[in-house]
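A short worksheet on the structure shown next.
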């Protein structure tokens, strides 16, 4: 599913200070591609991801995801949009601690009308044999795998990943990136990854750079590298 | 929804918190249901017994006798059922047993066990009387000169409240009981005959009383409305109905407040989880449904448990009431759908609605805001923190004070919880003490006589030295439905020494009327106020000023100089209707009734056992509620402050020091709540007594003695320390990594 953003602006009120998180941000993400948004903290990359994912609203401009224009959607319509099309992956995994691996994934499965198979999904992320474990019994990488499975099982059209490897070491991080690439290739899911790890850009089909709420650069990778080979920083 | 598993697991993990509030809810519902069902059962048994066994509409005792033909004539003329019944009192086992001949049309005896007496030497006795005297069916007892076999246990519709004299306040089956014999076995010449009348609607037919008076002198004519043996149960039911809701409602409010607090806390703790679920695409409605799972489990657990326990408890409670009122167990218990609806639907509805409100408030927040970590510090900065007092002192002092003001809601709940427990506890202690005080003041310090002898006719002859004459008459109050027992007494009377707070009121009687405390409460008057007395026989009125209110806690009594009352009643100056004396009357000639003071004291004291049991019950209840509320709150405090607790531990503070910093902060609140509750308990009990005085006829002194304050203090502080002890275990379990984890979040 393709994503189009056109001159999107977003301002936050932080106490008495106004922070312009997005300034005339425009981008185009083709269908079934991996796009990495790079930038330092406070550059607006998370805000951009959030407005695309429909968990935050923008002040002006326009965003279109597939055939859905997000500009005027009401709360309920935004929820339906997230439910049908979007999968989220967070830096801190955000699993429900009182549910097992399988049950956490079931939380995502219940939302979809055409979910993927549970066993198949958990096997693909390599967590089937740990399906009865609770999040507290898993490592960070394993928890992130479960979070990916939870997002994936909905069979979403776009996968929005907010610093998915931010809390992981290089080896585990690369394994997660391999998984994201596999999802993209296997299911044709558009994957948007925000990160401050420059090296991750090497595996994406295209890279967007942001600074102070603006998209300052974007380019396409003609030969994306295998996740195993990204330069970890 | 798979999410419901999360609810069950959280409930299991925090079982103490959730079980605590469920128990509070259970107690509220159980109390309401058991009391209401018992009252309903009592009401239904009373109605069925009165209707099916033809409870009298009136009865009368006349100077002369009536033939059966005369009674038949009246029956036809006034559409009334009349039946003669003989009765006589016998001294049996240090008690009075009133034996009646059996009847067939009015006040039909109900035989609960065994069979009705048919032979001459057989009788059926009241079950509660038999139990008190350990009589078994088939046993033979001596009554008068004869031996009688007990064939059954009997209930009489006109002796539901089994008192010997109609002026008696308390029923005591150890001292007084009833029995029924067959018509043929009662040939005792000493017995009295009364005529029982039944009209179906309970009214006395117009002109009937006059017709009887024309025939012969009426010694007594009692309408069922004025008969406490019949009416007391009804007034008690009405009074109890109001009482059944007050305590349960308070506990219900407390438990709902606790659930809401827990839910608010849960929503706070699961902000990120809620944000994630919203981001995944869960709708608000779905999330409300999910989080309401907690309220449903607590609500259903509490209400269903409460209903079951309440229904179960209502059976022994109904039987206890029925025993007290001498009512046969005509039904096990009677379901009142209204009680079920109120006991089940109302708490559940309130709980669900208010929890929905709390949940919806969190769900109004944008998912992104929920996903962002909240400040680690608990509570918001309060304006109280700007007070100079909170800026002074060392870190520990400032930390503790800030914790206190930042968690105002917790402080308020602790205050209310302690107050509730204290009031309940003091209620019990005051009641316990007031029974003794009532007997001591009324019967030993004021009413100094041993016997009050009432005569059948007006007396004028000189009394003996050891007697003091009095005139007694029942008077009304103009425009009020209150009956006053007016006494005309001699001044400087050694048998009645009216006093208030230890001060003699002897001189006050010449300045006006002295009234009893119940009468003052019923009329809502005091010293200096005026009462318009009305003579119900001739509608004459007299205005008297209240000179003083005596510490006399029983009866709606009013005392005037004898000549003044005689003058108002139209009696000769020297006339009197009774005498107070210390010796038992030598002959019963012209004696209508003898009040034996010792019997009244005994019957009050016999209730002390029951009072002690209820005080113990109240104390246990108070402690239970106190422990639940305080432990829940201190637990929550530990949970909320776990990052700070962890940090203190990391810094090297010992558990004891951390506990002092975080938990003992609330000790001043507990102390303030306790001392504020003392006058409150006294005042609220006084208020309750004042509202009940019309039904009970007596008022209990509600003074708080120093020993009650000490006992109450010890119990409340032990309760508090027990709760702290339970929460300290939780505090010990806070890990050192907690602070770091929160920082990472």
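Any Cβ shown, glycine's included, is placed from N, Cα and C.
Caution: TrEMBL annotation is automatic and unverified by curators.
Panel annotation: around the transmembrane segment (B:245-263), residues 17-18, 20-21, 24-25, 27-29, 31-32, 35, 291, 294-295, 298, 302, 347, 350-351, 354-355, 358-359, 409, 413, 416-417, 420, 625, 629, 632, 636 of the same chain, lying at least six beyond its termini, place a Cβ under 8 Å from a Cβ of the stretch. Summarising the annotation, TrEMBL assigns transmembrane segment to B:245-263 (among others).
Model confidence over the domain 'ABC3 transporter permease C-terminal' (B:247-367) stands at 87, taken as the mean pLDDT rounded to a whole number. The domain 'ABC3 transporter permease C-terminal' annotation in TrEMBL covers B:247-367 (among others).
The annotation transmembrane segment is assigned in TrEMBL to B:291-317 (among others).
If you look up TrEMBL, you'll see B:337-359 (among others) marked as transmembrane segment.
Per TrEMBL, the feature transmembrane segment maps to B:412-432 (among others).
Through the fold, the transmembrane segment (B:615-638) approaches residues 16-17, 20-21, 23-24, 27, 251, 254, 258, 261-262, 265, 407, 410, 413-414, 417-418, 420-422, 424-425, 427-429, 431-432, 645, 662-663, 666, 670, 715-716, 718-720, 722-724, 726-727, 730-731, 734 of its own chain, all at least 6 residues removed from its boundaries and within a Cβ separation under 8 Å. The transmembrane segment annotation in TrEMBL covers B:615-638 (among others).
Per TrEMBL, the feature domain 'ABC3 transporter permease C-terminal' maps to B:618-733 (among others).
Here TrEMBL flags B:658-684 (among others) as transmembrane segment.
TrEMBL lists B:704-722 (among others) with the feature transmembrane segment.
The list of residues near the transmembrane segment (B:291-317) in space but at least 6 beyond its ends in sequence, with Cβ under 8 angstroms from a Cβ of it, reads 3-4, 7-8, 10-11, 18, 21-38, 41, 255, 259, 262-263, 266-267, 332-333, 340, 343-344, 347-348, 351-352, 355-356, 359.
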